[in-house]
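Feature list (source: TrEMBL):
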{"type": "BINDING", "residues": "GLY110, ILE130, GLY131, ASP132, TYR133, VAL134, LEU135", "note": "S-adenosyl-L-methionine binding site"}
{"type": "DOMAIN", "residues": "1-221", "note": "domain 'tRNA methyltransferase TRMD/TRM10-type'"}
Amino acid sequence: MKITILTLFPEMVEPFFLSSIMKRAVEKGIIEYRIINFRDWAEGVHAKADDIPYGGGAGMVIMPGPISKALDSIEAKGKRVVFPTPSGKLLTEDYAISLSKEDELVFICGHYEGLDQRVIDEYVTDEISIGDYVLSSGETATIVVIDALYRLIDGVIASESLEDESFSKGLLEYPQYTRPYRYCTKSVPDVLLTGHHSHITQWRCDQRLAKTMQNRPDLLSDASLSIEERKRLLSILDQDKRTCQRWILSEL
Ligand code: 6GU
């Protein structure tokens, strides 16, 4: 996949491509990236790329000229052009999967208050938000979007690693343990040492259900649960109810 990032702060983005799993994906040739500073298309001695908003208001807006020249130089029209912004559609695992299937993606990093709407209308195919909070820079959001999608491309990470992780099947991930067996008086759940494959699978499945119910009950209504998993969920709910009842009674 070819990734192009248009930014005024290349130094914020570059390190991501130089470390860890992304570094390996680049070395393997799975990811090709280029980072373009669109200030290079700005004019005047100050190479101005932003200006005050028409109609008044706080902050600065990225001017249409330099960014659209940069976009034309890479023939962005017809390509999937992503603009990470808090006003975009929410990034989900399914959204990341759809982006991971593209051969090429272009990212525009906004800064300050935003990007002139005419540039969005002309070039942007996807306005994406990474959550209901505001970041000061589009660069960090761009890295989040890229991180969520590139790991799903074949060959980047082992496919088994993707199977049980959070959001696969619409559930959160089960807890993981490694050596030592005892750490600060706590030991690893015994079932994981039994070598009994089906018991371990069952325990992990229960843990995923319980974790999802505790931290993200909103996910359960869309999760694709089997009859057996629904029954397990009921029994976990029952146990929770009994624990809750015991706690209430102990306070009386
Ligand atoms: Cl994509 N950008 C910024 N600046 N803030 C955000 C965001 C994006 N998503 C949530 N907050």
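Residue 1 is the first one shown; counting continues down the chain.
Cβ atoms here come from the backbone N, Cα and C positions, even for glycine.
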Problem set entry | pLDDT averaged over every residue in the domain 'tRNA methyltransferase TRMD/TRM10-type' (1-221) | 96
Seminar exercise, completed: LEU135 (S-adenosyl-L-methionine binding site) has its Cβ surrounded, within 10 angstroms, by a count of other Cβ atoms equal to 16
Exercise. Reduced to three states, what secondary structure does DSSP give VAL134 (S-adenosyl-L-methionine binding site)?
Worked result: coil
For this session: Fewest other Cβ atoms within 10 Å: which of the binding-site residues GLY110, ILE130, GLY131, TYR133 wins that one? Let me know.
Result: TYR133
Problem set entry | Pairwise C-alpha maximum, in angstrom, for the residues (GLY110, ILE130, GLY131, ASP132, TYR133, VAL134, LEU135) that bind S-adenosyl-L-methionine according to the record | 17
For this session: Provide the three-state secondary structure of GLY110 (S-adenosyl-L-methionine binding site) computed with DSSP.
Result: coil
Exercise. Near VAL134 (S-adenosyl-L-methionine binding site), which residues of its own chain have a C-beta under 8 A away, given they sit six or more steps off in sequence?
Worked result: PRO86
Problem set entry | Cβ contacts of ASP132 (S-adenosyl-L-methionine binding site) (under 8 Å, same chain, 6 or more positions away) | PRO86
